[in-house]
Amino acid sequence: MCWVKSENERPCLEFSHLSIKDSFRDLFIPRIEIILMMYTRNNLNCAKPLFEHNNSLNVNFNTQKKTVWLIHGYRPMGSIPSWLQNFVSILLNEEDMNVIVVDWNRGATTFIYDRAVKNTRKVAVSLSGHIKNLLKHGASLDNFHFIGMSLGAHISGFVGKIFNGQLGRITGLDPAGPKFSRKPPYRRLDYTDAKFVDVIHSNSHGIKFIKCNHERAVHLFMASLETNCNFISFPCHSYKDYKTSLCVDCDSFKEKSCPWLGYQAKLFKDVLKERIKGGPVRTTVFLDTSGIYPFCTYYFILSITVPDKTVMDGFFSFKLLNQLGMIEEARFYKKNKPLCKLQEIKILAQFYNDFANISSIGLTYFQSSNMECSTCTYKIQSLMLKSLTYPERPPLCRYNIVLKEKEEVFLYPNACTPKKT
């Protein structure tokens with residue numbers, strides 16, 4: 001028995017290999033070409049055309065499954081996006097789906113940024129034609145998830161506008177700012193372009209649905225798929241309010257805690273819709289990450305209740321110690337609010353390590369400089385520590401604590417006592 005390769009079988013598609021020379025050529029002979037590279041679990045390492053020569057749909061495409069469209073952005077050097085193949089693999093490992101890479105490198109590779117911007121509209125119109133063809137074969141707009149980077153985010157938005165916001169989801173990863181920021185909705189990605197739109201922005205300019213540091217929106221989204229990190233984020237009016245622990249109430253999200261960044265943001269679609277009834281039509285959330293892969297951080301909320309007038313004007317710091325002897329001091333963004341006239345303070349704290357088995361809490365109280373009292377004692381009625389990153393973990397409590405200024409006390413918490421009704 002021998003195996004003969006069919007003469008009709010096409011070779012694997014490859015992403016357009018361009019270089020800086022192509023950007024020079026584009027100065028005189030502008031070109032645009034769009035190639036749709038389809039991947040499924042049946043052809044994970046070999047991209048196939050979405051449609052055959054006779055316009056029939058590729059046999060590997062399943063119209064009943066989710067389809068993710070990956071769209072790159074501006075490529076002045078013409079290089080292949082370094083994250084592309086890994087992104088495809090991660091998506092297909094997460095879920096049995098169709099993945100379509102939109103290669104518009106000829107159109108994005110140019111020294112003239114304005115030309116690439118104009119080409120985004122042309123790409124969107126071209127994609128809409130292919131989508132209409134898919135719909136004829138039984139595909140559903142609701143199953144389409146567009147993930148666009150830079151200019152690709154706005155291409156996704158333009159496609160969404162063509163279909164009157166009926167796409168299932170659009171994820172914008174660092175949407176391009178120049179020529180789009182502060183423009184009206186019809187000229188950029190907008191929250192009305194799909195049934196669910198989530199955006200990760202790694203700087204403070206342009207669209208700000210989600211803000212994070214280190215300018216790594218693509219890699220954060222990928223990390224949300226290939227790691228066990230819950231990239232929890234906090235709905236807030238401003239980053240300043242977020243830094244001062246004014247936005248730590250996740251109870252309104254029920255058992256899910258606050259929204260997660262990345263692929264799993266879809267889990268919060270319904271609760272976010274519920275929150276915007278009668279209120280703002282979009283939710284802005286904030287988070288910080290670590291500086292190295294996989295960028296995880298772990299958030300806790302420390303709630304401290306004090307009797308009236310016992311604590312005048314000061315702030316707390318604390319550290320955690322686990323059963324393995326690991327110790328880490330909490331990171332705060334600013335000193336937590338003074339306790340004057342407050343009976344309860346909530347402190348948002350961030351750790352780089354996951355403290356799953358906490359053995360003790362190191363707590364220190366600092367009085368303001370003009371009211372120092374080395375012999376004074378300060379009473380705490382109750383203390384509760386709760387993980388926001390893993391809300392399923394039960395909170396830990398201590399009651400009736402006495403502190404002295406600047407003297408660290410290690411507390412050994414227990415399960416919280418249910419409040420009397």
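Keep in mind that glycine also has a Cβ here, set from the backbone N, Cα and C atoms.
Curation plays no part in TrEMBL annotations; they are all automatic predictions.
Annotated features in TrEMBL:
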- 31-205: domain 'Lipase' (DOMAIN)
- S150: active site, nucleophile (ACT_SITE)
- D174: active site, charge relay system (ACT_SITE)
- R188, D190, D193: Ca(2+) binding site (BINDING)
- H214: active site, charge relay system (ACT_SITE)
If you average pLDDT over the domain 'Lipase' (31-205), what do you get?
95
Those binding-site residues of R188, D190, D193 having Cα within 10 angstroms of D174 (active site, charge relay system):
none
Pop the Cα-Cα gap between the residue listed as 'active site, nucleophile' and D190 (Ca(2+) binding site) into the table, whole Å please.
14
If you measure D193 (Ca(2+) binding site) to the residue listed as 'active site, nucleophile' at Cα, how many Å is it?
16
Other Cβ atoms within 10 Å is the metric here; tell me which of the binding-site residues D190, D193 scores highest.
D193
Could you give the Cα-Cα distance between S150 (active site, nucleophile) and R188 (Ca(2+) binding site), in whole Å?
11
Given the recorded Ca(2+) site (R188, D190, D193), which additional residues of the same chain have their Cβ within 8 Å of the Cβ centre, ordered by sequence?
H154, G157, G160, K161, P185, Y186, L189, Y191, T192, V197
